[in-house]
Amino acid sequence: MGGCAGSRRRFSDSEGEETVPEPRLPLLDHQGAHWKNAVGFWLLGLCNNFSYVVMLSAAHDILSHKRTSGNQSHVDPGPTPIPHNSSSRFDCNSVSTAAVLLADILPTLVIKLLAPLGLHLLPYSPRVLVSGICAAGSFVLVAFSHSVGTSLCGVVFASISSGLGEVTFLSLTAFYPRAVISWWSSGTGGAGLLGALSYLGLTQAGLSPQQTLLSMLGIPALLLASYFLLLTSPEAQDPGGEEEAESAARQPLIRTEAPESKPGSSSSLSLRERWTVFKGLLWYIVPLVVVYFAEYFINQGLFELLFFWNTSLSHAQQYRWYQMLYQAGVFASRSSLRCCRIRFTWALALLQCLNLVFLLADVWFGFLPSIYLVFLIILYEGLLGGAAYVNTFHNIALETSDEHREFAMAATCISDTLGISLSGLLALPLHDFLCQLS
């Protein structure tokens, strides 16, 4: 890519005729750097969200915390579970899986709230290193824990890793062509699918949850390798024609912004400029908060209660299947930006709220006759959530100037985390209320 792919210099010979030097090598360099960055951001998205997803997939096991002799923990119950609360019409854990959600999201919320204020002062490399170490620590701590409390501490490490990583890598996209946002989003969707599917598959194959978690320690190493070895230097970026086409169609989010501003550090923005940019972002932040509130209220508040007795799947297995199908929908829609772009993300928020109302009604009245209908609804739920995420960040990338884009990406990160945190806080009392019903 380097500095030679941006423009073709013309030279004049002695007769005044212009000749063009052979562009093939610079073009190949540009294409090679493009694909290295594309793959790099996809892997960063995959590895960054992997531990977060696995902890949510393991939430039922973490809270059940059944043990046998030896060091294997969280043993999968048989296909006919014994209710933890025999007086309730639901098969409830004593603590809602929303507790795992809160441990998995509140540290991320704190990081994202503080990030726009001063995280940019810390270089990217130390942030990535801390993120990788915390991810590895989360797998080890949960795998070897002997209490729910210790396991939740491990979940907190996963939250720190994913939260710090998301703010870091989304801010980093400001120094690369806008196309990397699509690759990052696809990678985060892939983390959901591969994380949930690997946990489901390995436990179904007979591995204990402890062995399954320890087998995933290669993911943090892959994250570090992707950042330090695969990405090209951002100073050498030259977006070329694709960026020019996007800028021509761009509708400025802040009307006074300069259309030709260059990428730069958000540390140069004053507090007044940051507030002005943030107000312009609310059109996208609010619907994303609503989408994530609705879907995680479903995932961590209702999944555990959407239990069907007339199947061969145990309660824990049903929960894992719900998580896997949700993540499959997220992956598909987060990878669809090239063929489907949605500007009005409010529509996605409305549809996700309708999902929440419908499934909450089913938990209360129990009118769905088959678990396979729930499978389809959960897949659809994931499609809506993934589409909201990728289109929100893509729209912001198009509608903010390069000068504001790094700050805008970091500030918008708060949306999903805020929605998830609110859903967890409300899902806890809902769980206690429903589980007391006889």
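We number each residue from 1, going along the chain as drawn.
Backbone N, Cα and C atoms are what each Cβ position is placed from, and that goes for glycine too.
Of the candidates Asn49, Asn71, Swiss-Prot records N-linked glycosylation site for Asn71; the remaining residues carry no such annotation there, which does not rule it out for them. The membrane topology recorded in Swiss-Prot places Gln31 on the side opposite to Phe175. Cross-referencing Ser12, Ser73, Ser265 with Swiss-Prot, the residue annotated as phosphoserine turns out to be Ser12. It is 409-419, from the ranges 90-100, 178-188, 409-419, that Swiss-Prot records as motif 'Lysosomal targeting motif'. For Cys435 (S-farnesyl cysteine), the Cβ neighbour count at a 10 Å cut-off comes to 21, with all displayed protein chains included. According to its DSSP assignment, Cys435 (S-farnesyl cysteine) is helical. Taking only the Cα positions, the spacing between Asn310 (N-linked glycosylation site) and Cys435 (S-farnesyl cysteine) is 20 angstrom. Residues of the topological domain 'Lumenal' (299-346) grouped by DSSP class, helix first, strand second and coil last, total 28 helix, 0 strand, 20 coil.
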